[in-house]
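Worksheet for the structure shown next.
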Amino acid sequence: MWKFVVRRILIMIPQLVVLSVLVFILAKVMPGDALSGLVETPGVDSSTIEDMRTNLGINDPVHVQYLNWIKGLSQGDLGTSYIHQRPVLELLEARLWNTVYLSAAILFLTYLIAIPLGITAGRFHDSLVDKLIVGYNYVTYATPLFIFALLMLFVFGFQLQWFPTGGSTDINLEPETFSYYMDKIYHLLLPALSGALLATVGTIQYLRNEIIDTKMKDFIKTAKSKGVPEAKIYSHHILRNSFLPIAAFLGYEITGLITGSIFLESIFSYPGIGQLFLQSISQRDFSVVTALVMVTGVATLIGTLLSDIILSLVDPRIRVE
Amino acid sequence: MSNDDILLQVEDLTTSFRIDDQYYPANDHINLDVYENEIVAIVGESGCGKSAFGHSIMGMHSQEQTKISGKIHFKGADLLSYSNTQLNKVRGKEISMIFQDPLTALNPLMIVGKQIEEGMKYHTKLSKNKRKQKAIEILSEVKIPQPERVYSQYPHELSGGMRQRIVIAIAIACEPSLIIADEPTTALDVTIQARIIDLLKELKRRMKTSIILITHDLGVVSEMADRIAVMYTGEFVEIGETKNFLKNPLHPYSKSLLHSLPSKNNQGEKLHVIKGVVPSLNHLQRQGCRFKPRMSGTDDSIHEETPTLREVEKGHWVRCTCYKHFQIDNHNQVVEGEKDDVFQGQ
Ligand SMILES: Nc1ncnc2c1ncn2[C@@H]1O[C@H](COP(=O)(O)OP(=O)(O)OP(=O)(O)O)[C@@H](O)[C@H]1O
Ligand code: SF4
Ligand SMILES: [Mg+2]
């Protein structure tokens, strides 16, 4: 088991190198840099800008720039935001956590909704409940996130006023107190619920199909022929086998959450990295964009790592390989 | 064998499957007695309804897809009148099943020891430790080397033959009085087949269990079975004691099956192939003799409209009006023989 985990983590090293090179290239090919915006500014002539560029290392050979960048990364230096005039790390920190909270909340709510629905649909497939659940799936699959989120915000935020309409917390509250945390959760709820309600599609569909498939397997017949009651056949045999693809899906799910957060955070004015991402792109704050792409990439790698570790925990066939 | 020794009595069993909202019988008014401590083999080509029969006895069919009628008397009760909960008390404890494919019959995520124990959880009051102890004993009974170690192995760590031994171990875990073995050796290598057969024979001798052995392999049958029941399109066409049957098969279908078997006598010859295929449920002609479409040159005047199963000598039953007129010729086809000697048996 541990051997597997260690080996799996070692595999991440080349993945990280490839990711960093890709991100670096991406950063380089993006048109303009942070200083291009200054070209038209009165009082700043082009030689001044050239000097600034040299000072920033922008004119160094590419591989030197890459190595410098990696060196910085390893020390937690993600560069400086030219727009905010602050280290990117500092800028990211608080927002990154907000996004992590939001993603975790979405993931939690997604599974909370999707798992019971998926199991019910699979167990009673072709029944009326199954058809209702599949119908719900079609609807959520076809609904665009940004429209749905706007609708939720309008109805529950502005009309009914059940939830706050923006931010991640009430600034008047003393940090680290109970009511502060409750307030954070309160701010999370509406965006998380909006994201989760649409994110259930994959999990429900997978779980449902997997249960329908597993039900027909020979080893289920074996269990039945032993006299195992139906409820126990589900809990001991069908469900565990059916959860495998859900676990395998987790890495993908996490990537989806991060992309999804770009819309959600913008609509709910929730200060996370998604919102920052959009801002930074429009302001050409490329050191921030680059850092965010890198962070997202790492999160995806961690997601797949988690998937693999979970899979190896539940599936003995993977452990030996 | 007296009536007192009857363990299982299947009476007029009809099992129909739903295909496109219509029900078609895969077992058609079947009668069969199984005695204590007896091995009855059910043979027939693929699709004849052998598994459907085995599954019906244990109530394994899905209720939405299947209609069953008739009676299945077992130890004084009619299993067909049982609810699922009642059946769960019978399954695994009184009647258990050995499945064909050991690769798929075991849960890939559960150690084999737990899979053997599982039935005991519901059928016995044994403690956890006792169950484990018992499971290890059973593992050695089915001739698994290093039973303690194998107890905590997963199915994928074992070979096909070993897995089939585990499947057998599961079936005998609660010492049932009847085992339904559905093609227990078909998925295995020939050398391993023989060993599994030996194991089954030995277990049967020791545990005095009755076995319904489902197979399309007459070779296996001749070695093991006390009686043979030949099934064709959901009906028994011949039932007889093994020795009798092998020496003097009566039904043209039985003869064809025997002729398609490699043996010392037909070495080097081309094996007999029965003309045509088993019709599917929704294309089966249910009037008249169901085997007729696969015979060549029958004379309609001497056929009963619908032949019934009749006893022609003690314990030997056949569903064919004119069995005496048919023999297998050298052209690998069933053909008609002399006409005067019409079978009159009642
Ligand atoms: N659940 C089902 N729904 C519809 N038809 C079925 C179902 N199960 C079996 N059948 C059909 O019933 C007939 C008998 O099937 P059965 O599985 O009993 O055959 P078999 O004699 O066991 O054959 P084999 O040697 O291939 O196992 C076949 O025509 C098969 O296609
Ligand atoms: S001889 Fe006649 S009754 Fe007998 S199997 Fe052939 S067709 Fe059927
Ligand atoms: Mg079968």
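Placement of Cβ uses the backbone N, Cα and C atoms for every residue, glycine included.
Fair warning: this is a prediction, and the values are worked out from it, not measured in the lab.
Annotated domain 'ABC transmembrane type-1' per TrEMBL: A:96-307, in sequence order.
The feature transmembrane segment is assigned by TrEMBL to A:100-121 (among others).
As annotated by TrEMBL, transmembrane segment applies to A:133-158 (among others).
Per TrEMBL, the feature transmembrane segment maps to A:185-207 (among others). Remote same-chain partners of the transmembrane segment (A:185-207), defined as residues 6 or more beyond its termini with a Cβ less than 8 Å from a stretch Cβ, comprise 101-102, 105-106, 108-115, 117-119, 121-122, 133, 136-137, 140-141, 143, 145, 148-149, 152-153, 156-157, 163-164, 167-170, 242-243, 245-246, 249, 253, 256-257, 260-261, 264-265, 267-268, 270.
As annotated by TrEMBL, transmembrane segment applies to A:243-268 (among others).
Among the features that TrEMBL reports, transmembrane segment is placed at A:288-314 (among others). Note on the transmembrane segment (A:288-314): residues 1, 4-5, 8-9, 12, 15-16, 19-20, 22-24, 26-27, 30, 73, 78-79, 81, 83-84, 88-89, 91-92, 96, 240, 243-244, 247-255, 258, 273, 276-277, 280-281 of its chain, located 6 or more positions outside it, place their CB under 8 angstroms from a CB of the stretch.
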### Query
By a Cβ-Cβ criterion of under 8 Å, what residues six or more beyond either terminus of the transmembrane segment (A:243-268) are in contact with it?
99, 102-103, 106-107, 110, 145-146, 149-150, 153, 165-166, 190-191, 194-195, 199, 202-203, 206-207, 210, 274-275, 277-278, 296, 299-300, 302-308, 310-311, 314-315
